Amino acid sequence: EREVTTDSSGLPSSLLLLLLSMPWCCIGSSSSSTPPISSDALLPLSANQENTQPGLPPNKNQPKNAILVTNGGDGLFIDRLRSSNWTVESVTPSSVEAHVSRSKPLLILLDSRIDDLPTIAKSIRSIVEDDSLLTVISDRSVSEKRRRSLAKANIVHFVSWNSRDISLIEFVARIVARLRILPALYTALDEVDEAIEVCDESHTVAYVNSAYERLTGCNRQQVIGQPDSEIRRKSLPSSFGGRRNCDWSCLRVSTSNAGHCVYLRRRVSDGFSNHETHFAGGQMHRDLSLKSIRSQGGGLVDAPISEVLSLLREASVLCEGGDAAKYIKDAVRLLSSQEIYAPSITRFRDGDRIATQYYDGLIRLQQPGRQRKRSVVDAYRDKRSCSDARRRVSGEVRQALENEHLWSFDVLQLERVSEHHALSQLALKLFGRWKVCEMLQCPEDTMTRWLLSIEAHYHPVNAYHNATHAADVLQATSFFLDAPSVATYVVESHAAASLIAATIHDLDHPGRGNAFLINTRQSLSILYNDLSVLENHHVALAFQLTLQASNNINILANLPREEFASMRSCIVEMVLATDIRRHFEYLAKFNQMELTDERESEREAHSITICNMLLKCADISNPAREWALCERWAHRIVQEYFEQTREEKEKALPVTMAFFDRETCNVPLTQVGFVDMFAREAFSCWTQFARLPQVLKQLESNYERWRGMADGWTPAHNNSLLS
């Protein structure tokens with residue numbers, strides 16, 4: 001910070017302070033809302049770095065102008081500037097303002113010998129752009145008193161007349177040259193039809209263009225400064241073309257060491273290889289198929305229907321504006337339905353009552369309600385207070401339930417203090433908070449008896465699939481429903497159905513998996529034809545217990561027939577969605593949602609799809625819990641699998657998962673494998689939609705911890721997992 005003697009490897013702290021203090025605004029932009037660019041995006045550039053970014057000013061032999069304010073004088077520093085292609089104009093203090101206004105110099109050098117230097121500096125500051133560097137040039141060291149005086153005029157940089165080192169000045173000139181071209185770039189970006197989002201190294205949005213605002217409906221003042229969101233980018237209407245996931249290209253900025261990236265939504269044209277960028281008719285195109293991206297990243301390949309829908313959406317762009325685009329859009333809507341092979345009543349002739357009644361009686365079976373369903377946000381905006389004050393619970397149980405709304409909730413602590421009644425205790429509180437009794441028109445005492453009956457039909461001898469696991473899934477379900485981005489799209493009845501489904505989703509689980517029941521030809525596998533055997537049994541038994549009159553626990557008794565049929569259908573579908581065998585099918589359906597469709601039928605379909613995914617993630621949420629809970633739940637599930645493997649070997653049955661052998665199993669590796677196979681992709685999609693990044697962060701933290709334990713794990717550890 002003295003007479004500047006810097007090398008070219010970095011910035012002196014004084015210039016760093018100046019750069020950080022500059023507003024770096026887009027001078028001269030036609031848009032008053034054009035956002036500022038963070039100086040962090042520019043600082044990592046080395047002073048000797050070659051500029052390879054297309055379209056930016058060249059680094060070498062570029063004309064650069066400076067003004068020397070002096071009453072007469074010259075030196076080695078000025079000679080060095082001129083030899084490096086700088087134009088240095090000497091002006092007197094009295095004429096400096098006119099010259100600055102006219103030439104807009106990159107550099108202004110003030111001779112330390114001129115009179116009333118602070119006043120002149122302030123005068124220059126009042127007319128100069130913020131992208132000009134103001135520096136004092138002196139033939140001797142500047143005293144601290146003099147520095148403090150000049151600092152009041154925002155002068156903190158000093159160079160020597162006899163210095164030959166101009167690397168700092170060259171570096172600043174390169175930065176300023178880039179800054180000065182930004183208004184033109186912003187103006188151009190605001191004119192293009194492609195939506196563009198720029199994020200910094202912390203994944204915070206730094207810029208969006210007008211097309212982004214127009215197509216997403218998000219105002220740039222609302223978006224800039226927020227974490228980047230795949231869901232927000234996916235909210236672009238399908239008519240803009242392309243797939244939700246794959247037509248957004250993440251472009252890494254090659255000259256930025258700070259990890260900046262640009263998200264660009266491009267229109268895709270056939271006939272070019274994957275990831276090949278090209279220009280045609282002045283437009284930029286790129287094939288960024290989701291299949292190719294996932295294949296390169298080692299991910300899972302999309303279902304064929306996903307690729308079909310993607311190709312159709314791309315075709316609609318090529319036919320934009322014509323009748324073909326409308327037909328393609330209708331085809332996409334039909335193929336996106338839940339049951340693409342089920343006939344639609346609209347295909348029957350008008351007035352064909354026989355065909356209509358056949359359809360209603362033999363195919364549809366249920367008549368959906370016609371009233372508009374409220375979202376969870378609408379239903380609970382004014383009634384989210386807890387209603388468990390009347391329940392009599394012990395102090396320890398009440399204390400254990402205090403954090404039921406947090407992801408860190410310890411259900412195992414509740415299991416201990418409630419003497420293995422965690423499910424009934426937690427459900428009474430959560431059902432009260434979510435007003436489930438009001439939704440079902442059910443007396444509270446009936447709900448209490450129902451919960452106790454359901455809890456009694458779980459097997460406490462199971463290490464994992466017991467009532468406490470159901471309570472854990474119920475709490476995760478409630479936590480996910482609390483997320484505003486989830487509540488916006490979930491209708492009130494589906495929220496209640498998901499809480500009930502979570503409560504019953506493993507009812508009467510025998511502690512053995514579907515494969516074991518099929519291989520041993522259990523009566524349940526015969527009854528359900530080897531298809532989602534346990535899941536069908538859980539939900540069937542739940543309704544059997546509920547509807548049996550002698551039990552006096554029918555929580556659905558007061559629902560009208562249509563509402564009962566709808567509630568039952570939702571609960572059944574959600575429980576069946578927990579079958580891990582259909583994991584990727586439900587994940588694909590979730591990823592295919594187009595949330596911009598506001599029709600009532602699509603709104604309900606989206607709500608049930610979201611709830612299916614919600615319950616699936618809640619069911620496999622143990623790897624994403626805080627480490628202490630994650631580890632204990634892992635030990636429980638492994639213990640249960642150990643017992644199944646032992647029995648399979650004893651009965652000479654096919655061994656379902658041979659790596660769960662107590663004598664050889666590496667428990668940490670089993671958890672790493674489960675995250676790689678199932679949890680990571682599901683939680684990546686879900687937490688991005690629900691805007692719960694802390695859950696995914698915890699999952700990855702636990703994953704790394706398991707990986708670190710794997711090398712030191714021995715089979716001896718398997719004998720004391722639950723101790």
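Placed from the backbone N, Cα and C atoms, the Cβ positions cover glycine too.
Among the features that TrEMBL reports, signal peptide is placed at 1-28. Annotation source TrEMBL lists domain 'PAS' at 181-226. Among the features that TrEMBL reports, domain 'PDEase' is placed at 389-713. Residues annotated as AMP binding site in TrEMBL: H465, N466, A467, T468, H469, D506, D619, Q671. What TrEMBL records for H465 is active site, proton donor. Taken from TrEMBL, the feature Zn(2+) 1 binding site applies to H469, H505, D506, D619. Annotation source TrEMBL lists Zn(2+) 2 binding site at D506.
Known features from TrEMBL, placed on the structure.
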{"residue": "H465", "record": "AMP binding site", "CB count, 10 Å": "23"}
{"residue": "N466", "record": "AMP binding site", "CB count, 10 Å": "23"}
{"residue": "A467", "record": "AMP binding site", "CB count, 10 Å": "27"}
{"residue": "T468", "record": "AMP binding site", "CB count, 10 Å": "26"}
{"residue": "H469", "record": "AMP binding site", "CB count, 10 Å": "25"}
{"residue": "H505", "record": "Zn(2+) 1 binding site", "CB count, 10 Å": "29"}
{"residue": "D506", "record": "AMP binding site", "CB count, 10 Å": "24"}
{"residue": "D619", "record": "AMP binding site", "CB count, 10 Å": "24"}
{"residue": "Q671", "record": "AMP binding site", "CB count, 10 Å": "26"}
H505 (Zn(2+) 1 binding site) and N466 (AMP binding site), distance between Cα atoms, whole Å: 11
Largest separation between Cα atoms (Å) of residues that the record links to AMP, namely H465, N466, A467, T468, H469, D506, D619, Q671: 22
Integer mean pLDDT for the domain 'PDEase' (389-713): 94
Number of helical, extended and coil residues in the domain 'PAS' (181-226), per DSSP: 20 helix, 9 strand, 17 coil
Cα separation, H505 (Zn(2+) 1 binding site) to D619 (AMP binding site) (Å, whole number): 9
Distance, H505 (Zn(2+) 1 binding site) to H469 (AMP binding site) (CA atoms, angstrom): 10
Residues close to Zn(2+) 1 site centre defined by H469, H505, D506, D619, Cβ within 8 Å: H465, A470, V473, A502, H509, T578
Separation of alpha carbons, H505 (Zn(2+) 1 binding site) and T468 (AMP binding site) (Å): 12
